[in-house]
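Participant: The structure's right below; bear with me while I get my questions together.
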Amino acid sequence: MTLTARPSAPPRTARRQNCFDALRLAAAGCVLVQHASTHLGAGFLWYRHGGALWFFDGVVAFFILSGGMVYASAERCRREGRPAREYLRNRFLRIVPALYLYFAVMSAALVALGIVSLGALRGTPFLAWAASNLALVPVYHPALFHGFGVGVVNGSLWTIPVEVSFYLLLPLLVWLAHRAGFRAMVAVAFTAGLTGTVLHAALGGPTTEVLGGKLLGVTFWPWLAFFVIGIAIGRAWPRLPQHGALAAGAALLYAAGTALRLRADADWSVVAAVATALPLAYLLFWVGHHGPAVLRRSTERLGDLSFGVYIWHMPVINVLLWSGLAGRLRDTVLVTVVIVVTGLLAYASWHLVEKPALRLKRYTSRPGALAG
C-alpha cells in the first residue's frame, strides 16, 4: 500500500477555488431572515412571515453541502492512511472553538443583562444548560431563560447534535464504501436515512411533542438522506454533465416541487423535502463550482462567516426583543440591524477563534472542489 507523504502542516494561505463558502453564508442568511421575520414580526424586502417567495431550505442546504464536503475529508483521511482520530480532530477544530466561544460570551451576557443571577450559576438548570452546550447537544432549554426574548436562548442549535452524530457516522460509511463499493454504500445509507425520515414524520415531524420524536429529530437519522445526496453528488460531480441550462432546469424543478411541498402536511414536510433535495443539490454544486468570481472574492475578503451567522443570529434577535429595541424599528430596517450585528459577531468569531483553530489541522482538502 502506497501512502501519500504527509506535510508537516497544511498550507496556511490555501484558499477555496469555488463558491461554497458563499453558498453556506447565503443559506445561513436565509435562515436568519426567516427567523427574524417569525420572531420579530418584521418583513424583509418582499418577504413576509408566512409568504412563499423565500428560500426555506437553508438547513437542508447545509446538510447537503456538509455531506459532500465532510465525506471528502473522511475519505481522504482513509486514503492517506491516517488514523480516524485525525479526521475527528478536524471536525472538532471546525465547530467546537466557535461553539465554546458562543457559550462563554452568552453566559457572561446573561449575567450582565440580569437574566441570570450569580447565584443561579450554581443551580441545576443553568449547570444542565451549560453541560448540554459543552457536550455539543445544546437542546436543553430551562425555564430559567423564559424571560429572555422568545424564551429559548438559541433554538437554532438543534442542528449541532445532528451534524456531530453524522460526523461520527462518516468513518463507518467510508469503510462500507471501501468494503462493498460506493454505490452500495449510498443505496444502504439513503434507504436507512429515508426510513428515519418517515419514522420521524410518523412521530409528528419537526413540531412533534412526542419525546421519542424530539430525541430522534436531534440525531442524524431523519436527516441522513440529505447528507447522502450531498455525498453522492459531490463524489460524482466530475463525471456529471455541468451546464447552465441543467442548473436552470434544476432550479425550476426545485421551485415547482417546493410549491407543492408547501401544501403538504407539516408532519411530513421533511419527507417531501427529500424529493426536492436532488435538484437542489445539483443547483448548489453547480453554483459552488461555476458561480461568479465575485462570490468567491467576497468570502475570501470577509472569511467563512456562515457558521458564526448561524450561531449568533438568534441571540441577537432575543436581545432586541428583551430590550424593547425591536418595538422601535420596523420591517426591513429591523431585520437589517439583525443582519449587521450578527455579521459583526460572525466576523469576530471567524477571525479571532475559528480561523486560528483551523490552522491546527494536520491535513486539509483546501484548495480544491470540496474542503474538509
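Placement of Cβ uses the backbone N, Cα and C atoms for every residue, glycine included.
For reference, TrEMBL lists these features for the protein:
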DOMAIN    19-344  domain 'Acyltransferase 3'
TRANSMEM  25-47  transmembrane segment
TRANSMEM  53-74  transmembrane segment
TRANSMEM  95-121  transmembrane segment
TRANSMEM  157-177  transmembrane segment
TRANSMEM  184-203  transmembrane segment
TRANSMEM  215-233  transmembrane segment
TRANSMEM  268-287  transmembrane segment
TRANSMEM  307-327  transmembrane segment
TRANSMEM  333-353  transmembrane segment
Participant: Between the transmembrane segment (307-327) and the transmembrane segment (333-353), are there three or more C-beta pairs closer than 8 Å, counting only pairs 6 or more apart along the chain?
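Facilitator: They do touch: at least three Cβ pairs between the two stretches lie under 8 Å.
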Participant: Would you mind giving the whole-number mean pLDDT across the domain 'Acyltransferase 3' (19-344)?
Facilitator: 93
Participant: The transmembrane segment (95-121) and the transmembrane segment (268-287): do they have three or more Cβ pairs under 8 Å, with pairs 6 or more apart in sequence?
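Facilitator: Result for the transmembrane segment (268-287) with the transmembrane segment (95-121) is no.
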Participant: Relative to the transmembrane segment (25-47), which of 95-121, 184-203, 333-353 accounts for the most Cβ pairs at distances under 8 Å?
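Facilitator: Counting Cβ pairs under 8 Å, the winner is 333-353.
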